[in-house]
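Listed in TrEMBL for this protein:
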- 29-199: domain 'HpcH/HpaI aldolase/citrate lyase' (DOMAIN)
- ARG96, GLU161: substrate binding site (BINDING)
- GLU161, ASP188: Mg(2+) binding site (BINDING)
Amino acid sequence: MRSAKDFFRPLAVGAPDPLREIPARPSRAIHFFDPSNPKMAAKVPDMVGTVDVLLGNLEDAVKAENKDAARDGLVRIAKETDTLGARRGPTQLWTRVNALDSPWGLDDLTTLVTEIGDVLDVIMVPKVEGAEDIHYVDRLLAQLEAKAGLDQPLMVHAILETARGMVNVEEICAASPRMQGISLGPADMAADRRMKTTRVGGGHPGYLVRQDPADGSEESIAAERTTYQQDLWHYTISRMVDACVSNGIYPFYGPFGDIADTVACEDQFRNAYLLGCVGTWSLHPKQIAIANKVFSPSVEDVTHARRVVAAMGDGTGAVMLDGKMEDDASCKQCLVMVQLADQLAAVDPELKKQYDAIEPVSEKAGA
Ligand SMILES: CC(=O)SCCNC(=O)CCNC(=O)[C@H](O)C(C)(C)COP(=O)(O)OP(=O)(O)OC[C@H]1O[C@@H](n2cnc3c(N)ncnc32)[C@H](O)[C@@H]1OP(=O)(O)O
Ligand SMILES: CC(=O)C(=O)O
Ligand SMILES: [Mg+2]
């Protein structure tokens, strides 16, 4: 571990200074596309402005024989789409590179940083297992940034998709000032943990609790009883959120592979939103609207939050609103909601219209 004094020093001569703070950019949906797929690639320019993040995926879901074409395709798209990237327009440009132990990871990093390092915002690194993976990427990026003459450092986002990564999640988050966030990789995580599932994210009907039998008799045990499906990912997401927030970086849910089941997708996204995630992945264009809806506070929540903040004045003490006690702590929760709404309204005109239509609040205390 570097000393606190050295933590913000560039890791290569000529590399830009590391960021002191990770920018809080709206990132409700990270939309994945395969740059080697001509149909998907053709849609990218028109998607700028309709989604917070476009991510050129080079890793899983891209066929081995298309790896070079995907990398080259992303370089071309970034160069030709002059509104793409946070420095040039409303939509960030991220990439997911191949794993560090794969035959393609080194070429991905080398090519992307030197060719489009001034356009890319975040590099997502899959299958991160410990701080050593981030340290390797950190130094290599500094060398490449220096070589490319970049004046801003690239940020790094890790995917949490192994048991060892989970055990080391706090040190991964703290490993570099480049760390921007973490996403859950539920499919690889399930495989690595030897979970007996076959899905890409979401719940499982077999993971449940059952109502007690009425009286312990054989009949009552065999009788129909209510069951409640439980959330397979609660522990993982909660721990990821704590690790990210305690290190000043951002937690994200990941993929929901059942593209047709838009209802369960919305549920999974909302669970993550309620637990503290700031965004999620979109694998198909129809998941973008779901993510944008779920990760934008509802008009009802913003209305309530603004009322509480107004009623709390300087934010201290206790007041009654609608029969409920509000104090410093509930006011802080409401401020999270109000600030997120303000941040999203600045980039989403439709949301701004909805939030602006909320009646202004004047009450100072008790109602
Ligand atoms: C576990 C993990 O690692 S998850 C992350 C890796 N996985 C991915 O990135 C998957 C990305 N998504 C996809 O590959 C595709 O969406 C699939 C395979 C899931 C479905 O693809 P299709 O069967 O072609 O979907 P569908 O027929 O509904 O597509 C409709 C249109 O949207 C396009 N489209 C589909 N997905 C995307 C996308 N992610 N981005 C842009 N356009 C897309 C299709 O090309 C098609 O275009 P067309 O109307 O010009 O023919
Ligand atoms: C997201 C991802 O890569 C996974 O679930 O494995
Ligand atoms: Mg994976």
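Yeah, the Cβs are placed from backbone N, Cα and C, and that goes for glycine too.
In terms of local Cβ density within 10 Å, GLU161 ranks first among the binding-site residues GLU161, ASP188. When secondary structure is read from DSSP and collapsed to three states, ARG96 (substrate binding site) falls in the strand class.
In the three-state DSSP reading, GLU161 (substrate binding site) counts as coil. Taken residue by residue with DSSP, ASP188 (Mg(2+) binding site) is part of a helix. Under 6 Å, Cβ to nearest atom of ligand 2: this is the test, and of the binding-site residues ARG96, GLU161, ASP188 it is passed by GLU161, ASP188. For ARG96 (substrate binding site), the number of other Cβ atoms no farther than 10 Å from its own Cβ, over all displayed protein chains, is 25. On the 0 to 100 pLDDT scale, the model's mean across the domain 'HpcH/HpaI aldolase/citrate lyase' (29-199) is 98. Cα separation, GLU161 (substrate binding site) to ASP188 (Mg(2+) binding site), rounded: 5 Å.
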